């Protein structure tokens, strides 16, 4: 069976396995985790900077105001979201309907025909750049911190507008990009990456950013799926003191992308040895100087696609999640305002890459929509030392800092001496993103970075949601519980479903599958060129609900606790990786007969990847030396690094004689997860396996 066929079979099995493993009677396995004290937010007046001190007030007047507005967003979404959209966004043509109503409940938006702000017209770039450049042209839009300390610079809204307009003309006239075309972007975290996205949206094209850590094979697949004729990249990247051959990776990918006509190359390092293939490749600066510094926006409909972002799916084939323009922008803007209590005088630092949704929403679009300053950081938290984040925060007087728990665990492990000497008093809000944050990391973050004075917003959301689903709200609004994402954002109606029956659990303490009962403006509209897959992945598993793929608990106060993925996706360092995609890469190796990939807990990255591998010729390892075994494992790890990227490489390879399977041939990955978690005594009844004797062999193999 081919890797793609194996992946498709996994999709069919996936939901059933979720239900199979929940056949036992309901119990409160995680209730003890939710028994934590409430941490109330404290006044932050003494942290206000001079440019905001005289007129600052929170956007919401406490928890009761949140509850009132939340109730309105659920009971009267038409009024709530129309007022917000008209108040905070500029429209070239006003919308005449807020959403397509549900057939059975006209006051509720429809999942099947999810569309918002119908017949309205606007432009993303105008809302992010033009309107601020007109009002406050000299205000700083972007602060750039290069990989090497001291090499950065700032850019005003006026300068940003001029550069965006020039790149928009490169796209339109030098590269023949038209409204509705997709443009692939493979760039490091530099201002030119933001300029690129804004220029693409300015002419009504659709950007498809590929994280610059993906391999050439992964990049190739995403370019081909999106049908991009144009790729924008850099010659090289700087990260952690190392040079990354960005353009070489693009060149390798383009060997199998016949439709690509042009590549625009920004010379980040100006290395003359980097391949430049004329006339296909165009030089950023040479082209930019050809064009004037103003070029008008292209009005687009509210539902016009803004971008595709490929995310890992349970079948292994990456999904091009498609976001629309108006709904996505409103979600980004409202969460900036209410989650982080952002004001236009603020400096917002998201330590996330634009290759992921966090960088899209909270480095590019959210801050610029709101008219504040966004900080773009090219480097890593450990270079040149573990003080880098804190140095940046003090240097630029950052007011909101947003980072993944993986980075916090790394910095906590490095020791508090790296924090000594830094004030960090400009901060008013700390954020966590990408994975659940453990209570002890939350407390360290609050104590050492926030001085126990400022809120931590532990945000839960996804590529598909576009913006926050469940989160505390800063500005003195939400009492916090360390480890909990807390309460749903406006318009988000969360429910806990019984995984077996699909029925809502309304107990005071509920555990099950987290689902959303109604669509919201920033919810993804489809999967690019595959709406059936969108329905099968998100809306069909539990009819009438959006299936998040996460398990969750809801405590007696209504707070949501995320318990992790219930599908075949592993969350490594806040990045969702498809186990099926990793399996497919390993199975393609000529030595391998079968493979099963699962996630397991890791102190640093949250989860790590483990691969259980059956070789075609078992004799090749049954009598092999330890050195030969290590060579086999290294070879398989390198296979994944090359096919997908370094971040997807398994931390553990276990060579085994066989895998645990049902009589129908389905691999029971649940058993592998239990063994890795040290829960071999909790496997349940394994007599239904076609090969029950393999369980002891697996346990012994992991011990080895």
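Glycine is no exception: its Cβ is also placed from the backbone N, Cα and C atoms.
Swiss-Prot annotates 434, 435, 436, 458, 459, 460, 461, 462, 463, 565, 576 as ATP-binding residues; of 420, 447, 550, 589, the candidate listed for that same site is 550. Cα spacing between residue 242 (CoA binding site) and residue 565 (ATP binding site): 33 Å, rounded to the nearest whole number. Sorted by the number of other CB atoms within 10 A, the binding-site residues 240, 434 start with 240, the lowest. A simple way to gauge crowding: the CB of residue 241 (CoA binding site) has 12 other CB atoms within 10 angstroms, across all the protein chains here.
Note on proximity: of the binding-site residues 239, 240, 358, 641, the one nearest residue 461 (ATP binding site) is 358, by Cα distance. According to DSSP, residue 241 (CoA binding site) is assigned to coil rather than to any helix or strand.
Take the binding-site residues 239, 242, 565: by the count of other Cβ atoms within 10 Å of each Cβ, the lowest one is 242. DSSP assigns residue 565 (ATP binding site) to a strand segment in the three-state reduction.
Among the binding-site residues 239, 241, 358, 573, 641, the ones whose Cα sits within 10 Å of the Cα of residue 463 (ATP binding site) are 358, in sequence order. Look at residue 641 (CoA binding site): DSSP puts it in a helix.
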